[in-house]
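The transmembrane segment annotation in Swiss-Prot covers 5-25, 49-69, 76-96, 116-136, 141-161, 172-192, 195-212, 221-241, 244-264, 296-316 and rests on sequence analysis.
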Amino acid sequence: MLQKIILATVVAFVLSLASGPLFIPYLRKLKFGQKVREDGPKSHIKKSGTPTMGGIMFITATVISTLIFSHWNKYLAILLLGFLGYGLIGFADDFLKVYFKRPLGLKAREKLIGQFLLAIIISYFAQEYVGTEVIFPFLKTTIDLGNFYIPFIVFVIVGTVNSVNLTDGLDGLAAGVSFIVMAFFTMTALFLNNITYGAFSAALTGGLLGFLRYNRHPAEIFMGDTGSLAIGGAIATAAVLTKLPLILPLIGIIYVAEAFSVIIQVLSFKLFGKRVFKMSPLHHHFELSGWQEQNVVYAFWIVTLIAMFLSFYSLS
């Protein structure tokens, strides 16, 4: 199994890396460039026009590598449903922005309806395939959620998807953090001796590493919602199928911090007319506090690495 895990990682890495010189110029030719938010940090203005929808690179690499090294079964079908389903929602959002010049892409309501419907489908099949028990980290026990399972899992999936999306705001941030998170799920699958989860997680880990070659600062391409929603779907679905949704606030601590910074900022401004952060999501707050973009990214990577070791400890 270890050999297949390594090969799945390497093949996805090579495919993702090799697609860059072909895909990036093609997106430039199509003028599929990212529009930078006008109220964002001034240092980001120069990024306007950078090719987006780069998630297609590691999505394609991941799917090909997974199908080569994994066995087709109902668990893999659900993993790919979460990965490709949310990637498709992101693709529709990106395509409306860059092709039809619709600045906001899909309407928030349209996006949420799609996200919730997909989450309900995934949670239903997860309940059928793995039951309603989830592992409680640190306590080394399981909790049977019973009738609360589907509502809880829907919340976890939609929350994770949107939290990853919010994290994708600096060069290499979401890709690097998610690389570490997927490495955690790869090693977890290895301990479980499950090639289905292992091959998929390893392939996405390798695909993200290959993509980082072009997404690190200064980024040649952005993953877009195509990539960030797909990653969120993959992480959430992997956590659900391994009975580890409760590990997500720990291994995904950066995602949680980014999401809560937005929630706190909005609530604080609406209730008290004051902003807690200089700008949200959290990574922009650090930028406006004088941090270099690369230093924010490296710090968030390090925090995720620490969270990974704590996550392993919580399950040992």
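Just so you know, glycine gets a Cβ as well, placed from its N, Cα and C.
These numbers come from a predicted model, not from an experiment.
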Taking a Cβ cut-off under 8 Å, which residues six or more beyond the ends of the transmembrane segment (5-25) line up next to it in the same chain?
51, 54, 56-58, 60-62, 64-66, 68-70, 186, 189-190, 195, 198-199, 202-211, 213-214, 220-221
Considering the transmembrane segment (116-136), which listed stretch of 172-192, 195-212, 221-241, 296-316 counts the most C-beta pairs under 8 Å:
221-241
May I ask for the residues of the chain that lie six or more residues beyond the transmembrane segment (141-161) and have a Cβ under 8 Å from a Cβ within it?
82, 86, 112, 115-116, 118-120, 122-124, 126-127, 132-135, 229, 232-233, 235-237, 239-240, 243, 245, 248, 252, 255, 259
Other than its close neighbours in sequence, what residues sit by the transmembrane segment (76-96), given a CB gap under 8 Å and a spacing of at least six beyond its ends?
32, 52-53, 55-56, 59, 62-63, 66, 70, 102, 105-106, 111, 114-115, 118, 121-122, 125-126, 129, 157, 161, 165, 196-197, 200, 204, 224-230, 232-234, 236-238, 241
So, taking each listed stretch (49-69, 172-192, 195-212, 296-316) in turn and counting its Cβ pairs to the transmembrane segment (244-264) that are under 8 angstroms, which one gives the highest count?
296-316
For the transmembrane segment (172-192), which partner among 49-69, 221-241, 296-316 gives the most CB pairs under 8 Å?
296-316
